[in-house]
Amino acid sequence: MNRVILASFLLAGVARCYDYDEVLRLSLMFYEAQRSGHLPVNNRIPWRADSATTDKGQNGEDLSGGYYDAGDFVKFGFTMASTTTILAWGYLSYKDAYEEVNEWENALGSIRWAAEYFIKCHVSDYEFYGQVGDFSLDQGFWGRPEDMNMSRPSYKIDKNRPGSDLAGETSAALSAVSMVFTKIDSNFSASCLSHAKQLYMFATQYRGLYHDAIKGAAQYYESTDYGDELTWAAAWLYKATKESQYLDDAEYMYMKYRLKERPNEFYYNKKVAGVQALLAELTNQSEYTEAIQNFCDYNLYVQKKTPKGLLYIEKSGTLCHAANIVFLCLQAADIGIMSAQYRAFAKYQIDYILGDGGQSYVVGFGKNYPLQPHHAASSCLDRPAPCDWEAYRSPKPNPQVLYGALVSGPDENDNYKDLREEYIYNEVTLDYNAGFQSAVAGLKQLELRASRHKAMMDANGLQLSSNATDA
């Protein structure tokens, strides 16, 4: 990438302004639309109701709650946990942004909903349910989750069939959530942290990949290694507890699993860049600060871009990849690494998603947003009208607006098809929105900080003017 493109990123700071307040509100509504189980009384999604309330473990354990993964109705623990970690990290970093837009309570509700489900799934020290629902059965149904009648088997990891990646990521998520709730609900915070510690012990003592235990997950959310999740979990436990043993573990595993090399992406299956950013924040050691700078510099200067400047990793989840990366680079900027450049880079990528790329890729936001997200429930008419594969094949927009959902996005040439059946363009998932929402919150917080600084300067100017007049 040359200096001309860098200049375009820096000029993004004077480009059009998008309503980040509204984007945060809508993204949180997307998560509410994905809720499973008994919905709360303050449910804001009128076309959703209670569903899958009888989800159970193999011994009858209550596994209701949590989130449906995408436009289908399987609950995948691995991606749900990754989503929760990134959302909670954003809440810890950018609380002022959520409070300013009056969404803090809804933000808390989004991660509490996930954490309470994880606690249910952790039925004993070395036993954790990582999936509810069978994707092969689920794919035969197109309709509302409230109308499901297929079998919903549950799948777990245990001592004999371990999943260090799944247990480690869930530990990280619960550590992060515990920090958000420390001063809000100390009992809930303590419960999250207790389960985080137990899951970390499970992850480290019994090694294995979770998809070897939960076979169906390999086709959709394969995990290629667990060293990054173990290190990630240890780093989050250190951030939550300040107990040195966890930092020692994280630094040891960082070297053992060779995590110092520059990765090309950051998403549910590749946490290395997140580990580098978190350890840079926690230690300020050059080994980690240089690692995360190398990652961000590569994406800023070298990584492939579309003709309109979108960071391009791969077609599946194009926008998710870009948003995840700039969220990490905002974290790097917050600790003083290339702050102006990385913040301009983040704004350019997020504003592309919101409209600068030629249209909005967030359902319900802007004038030209996706009308046919690949999402079964939102493709259905209001109850009691029937909903089946005719809704899937309908050429009309989805009758229910899936507010806030970030679609997969365009291809490497900025081409996009707003068609329900084209899931490669119009898929929506929990993890697609997580880094995106957290990056938007980071940009909103920067706006807020600039506004406060201007107000302070204006007040000081008025005071100086008044003093000069009095003199």
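Along the chain as shown, the residues are counted starting at 1.
Cβ from N, Cα, C; glycine included.
Where the annotation comes from TrEMBL, it is an automatic prediction and has not been curated.
In TrEMBL this protein carries:
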{"type": "SIGNAL", "residues": "1-17", "note": "signal peptide"}
{"type": "DOMAIN", "residues": "20-439", "note": "domain 'Glycoside hydrolase family 9'"}
{"type": "ACT_SITE", "residues": "D418", "note": "active site"}
{"type": "ACT_SITE", "residues": "E427", "note": "active site"}
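For D418 (active site), the same-chain residues lying six or more positions away in sequence with a CB closer than 8 A to its CB are P370, L371, Q372, Y425, N426.
Confidence in the domain 'Glycoside hydrolase family 9' (20-439), given as mean pLDDT, stands at 97. Around the Cβ of E427 (active site), the number of neighbouring Cβ atoms within 10 Å comes to 21.
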